[in-house]
Amino acid sequence: MVPAEGPWDLSALLTSADADASLPERHLWLVRLLEWLRHAPLPQQQPMQAQTPTPLLRLRHLLNVLERHPQHEVQVRRVLRRFWEEVDTAALLADYGFSPRTSLLGELGQRLRLRVLPGTPDTRDLGELFTLLFPQERDAEWLEAIDPPTLQRLITLLTPKDHADAVNWKAPFLDAIMFLATSIRALGFSPMIRARMSRELLVAKPFRQLARVAEDIREHAENGNAEALLVSAQYLRALLDTCRRCALSVNDHLEEHGISVDLVFELDQLDRRTHRIEDLLNCVISNNPGTEVTRLLAQLVRTAGERRSLREPFTRHYSMLARKVAERSAETGEHYITRDRGAYARMLKAAAGGGAVLAGTTLMKFFVMALGLTAFWAGFWAGVNYAGSFVLIHLAHWTVATKQPAMTAPAMAEKLRDVSNDAAVEGFVDEVAHLIRSQSAGILGNLTVVAPLVLGVQLAANALFGRPLVGEASAEHVLDSLTLLGPTPFYAAFTGVLLFASSIIAGWVENWFVWHRLDSAIMWNPRIVSHLGRARAQRWAEFWRNNISGFTSNISLGLMLGIVPVVSAFFGLPLDVRHVTLSTGQIAAAAGALGTQVLHEPAFWWCVAAIPVTGVLNLSVSFLLAFRVALRSRGIRLRDRSRIYRAIRQRLWHKPLSFIVPPR
């Protein structure tokens, strides 16, 4: 086993150099030699430009020692010669940093194995050995710092003296170019990518020509035809640029027809392979190949660091998915932002309608709980009750206040395309003010209807039937569970997480719907058209295209509100939900059951005090989570985020009423 660091003595290392040792022992010797170079790395906070890196100083010392001791130099040269003869260098140049699989999950699995399973020096694949040779990403810094004289001395050491033909060192580079060209051609011909590329760009058939031009480059390099090599290299660069533009044209299809994470992953692999070929070309045709090879080696070291990260592929490949989810939610979210008094009044009316429906939802929940069902089925039917009510509100174009942030935060993120100037930031702060006013209207409309309506039904039932619909036992339970003195704030924040999750689920499902072109299938599928008729099939296709996101978010939210608490209880997790509108309705039902004497109970007022806290946490948590996704999808930097937050605080300090009162 090779330790990460070790006090290796250079004299002992040079003495132990043995070209006749077994392959793993020789590779282990190289690993230890590189460990000796980095034995005393610079502190993390010390800039590399301030002084010569310690590994570079040790490299110069090593070269000096070898020049002064020819017997050691001979042994080291023999070890290095056998190394270059036996390892597959092309595997490092062509495959390292690329996934052999075409899915993101497969790449994540491979990275997990690289982190968990130890490597072995008993391999001829230089790509596998590379991680042991350069385990630290900071190795790239001292590699790039190698000065030309030291680099020339190192090249002299690495190059066998009896290799008179300079083309020999180029062979693995030419092989790698050929392998990469074949891989790019295969990706370009894959059905999922080929069907979505621009037809105009494919007229020149760039993918088909890659392998042939790569063969031409090999032939010219082996024949020493420098002029023809430069011409073919220039043509290959043009083909690679066309291939990249073809890959970028796929994004236009994604904007219109949905997005697939695996497709984005394949496009990223294609793009990276084209750039790797250009780096290899630089090494082959450069007048100073040593510098280009060193630069490529440093890049491969950084790639090794990326390969050890499990977060990096998520951050990179899900950013586009997050942006599409944000944009799809934004299509609906724009309708939930009020910017003038007329829109504010319409929001109040829509919220009042939603409050009326949720009053019935509240009473129906008490009915479900009174059935005496087992915990799971009670939670399931409570979730069905919520989901049905939310869908009804959606179809009636009414509003559930706490669903606004998850839908409108992506809409606001659309305003963040350019935050490089103060005017753009101020425009975004205006959107924040519009949103908070909209939320205030939604909450006000919901609560001013749900509370009196539930209370009125309770009083009417008591007058007609001699007892309220919700009894005193249930009312006492409500006052015990919804009090501010209990875990209500935590549960309200958790409900905000569920609100956010429902919007993400909706974005995924809508993307899936669009990706598989189900609206087109409903509209044109012969069997569906024969049953529905052409006109009805078109109406159904348009209906589902316009409502799939709304249905998904409302149904998923309703089911989560009902089922998550009972599933959590099964696993012993103390989780429950607190929705501001539903909680207000339950408190009103409790007041109707207990009568006016409830006004003298502190428990009642603690429940009333919990209502604004519940509303704020529902809204803020769901909004902040959704807004974080929107910011990440746009790649907003931390510095720009600080500017945005500072501008919001300044507006809140100088014009607090702008967040509550609509403009005239």
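Cβ atoms here come from the backbone N, Cα and C positions, even for glycine.
Note: TrEMBL annotation is automatic and uncurated.
Computed from a predicted structure; not experimentally measured.
Per TrEMBL, these features apply:
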TRANSMEM  374-395  transmembrane segment
TRANSMEM  443-465  transmembrane segment
TRANSMEM  490-509  transmembrane segment
TRANSMEM  555-573  transmembrane segment
TRANSMEM  603-631  transmembrane segment
Check your understanding: Any chance the transmembrane segment (374-395) and the transmembrane segment (555-573) are in contact, meaning at least three CB pairs closer than 8 A with a sequence separation of 6+?
Key -> yes
Review point. Any chance the transmembrane segment (490-509) and the transmembrane segment (443-465) are in contact, meaning at least three CB pairs closer than 8 A with a sequence separation of 6+?
Key: no
Study note, to complete from the structure: Given the transmembrane segment (443-465), its same-chain partners at Cβ distance under 8 Å and 6+ residues beyond its ends are 347-356, 358-359, 362-363, 399-402, 580-581, 584-585, 587-589, 591-593, 611, 615, 619
Study note, to complete from the structure: Lying 6 or more residues past either end of the transmembrane segment (555-573) yet within Cβ distance under 8 Å of it, the residues of that chain are 375-376, 378-391, 403, 495, 498-499, 501-502, 505-506, 579, 582
